[in-house]
């Protein structure tokens, strides 16, 4: 499977997935028509399918035009069918389906929105997490609760460490600076932050990254880490309390 990643709008990631065996191409979300058109033209691919992660405008704005031009079929969360225009097929929580020759899981990951989905290709170990999980961060809780988001992240953490993570936004630099305030002595985080700053200085993208690397560096996946709990003065707090405090601090960072 081939992947084309590019920047849309200001800081959205556009992602195209091409299944070589079937010749089919899918987009993860539809943030901007022009950038997606250009990427398809660059690779000489035709768009067949769009997988929507959630209903926010910056992820669905180009649906109408892409459907009109390519006659693409749009899949998205059943829980948000009344908020996403142009949906052709709805997906239930943790539904299994096929894209070309590849099996795909639509994982229910509420928190950022109540119906948010993350798409996982188990054979290729590829995760497209939308705005649920970012590199060194996670999505804001616009609709869901801290408990819901924590449970969603725990679900994603069960995937193999070698899984490659793609997400909805290039937020990694700011996330790295925040992560260092909570976990300043984490050498793996220090190395990742240095790498991120170097990449962004060259206007290069910071994803994909392995899930294993995120588990070692992302404070939103490290609610059990003794050093982070000590820095928060929350040694004996619950996972939910620690996660909620980290999210609160990031919101105000």
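Glycine is treated like the rest: Cβ placed from N, Cα and C.
The annotation Zn(2+) 1 binding site is assigned in Swiss-Prot to 54, 56, 112, 131 on the grounds of sequence analysis. Of all Cβ atoms in the protein chains displayed, 27 besides its own lie within 10 Å of the Cβ of residue 131 (Zn(2+) 1 binding site).
The Zn(2+) 2 binding site annotation in Swiss-Prot covers 58, 59, 131, 169. Other Cβ atoms within 10 Å of the Cβ of residue 59 (Zn(2+) 2 binding site) number 25 in total over all chains.
Take the mean position of the Cβ atoms of 54, 56, 112, 131, the recorded Zn(2+) 1 site; other residues of that chain with a Cβ within 8 Å of it are 53, 55, 59, 113, 116, 130, 132, 139, 142, 168.
Taking every protein chain shown into account, 54, 56, 112, 169 are the binding-site residues, and of these the Cβ with the most other Cβ atoms within 10 Å belongs to 54.
Same-chain residues that are not part of 58, 59, 131, 169 yet have a Cβ within 8 Å of the Cβ center of the Zn(2+) 2 site turn out to be 12, 29, 31, 53, 54, 56, 130, 168. Cβ contacts within 10 Å of residue 58 (Zn(2+) 2 binding site), excluding its own Cβ and spanning all protein chains shown: 18. In the three-state DSSP scheme, residue 59 (Zn(2+) 2 binding site) falls into the helix class.
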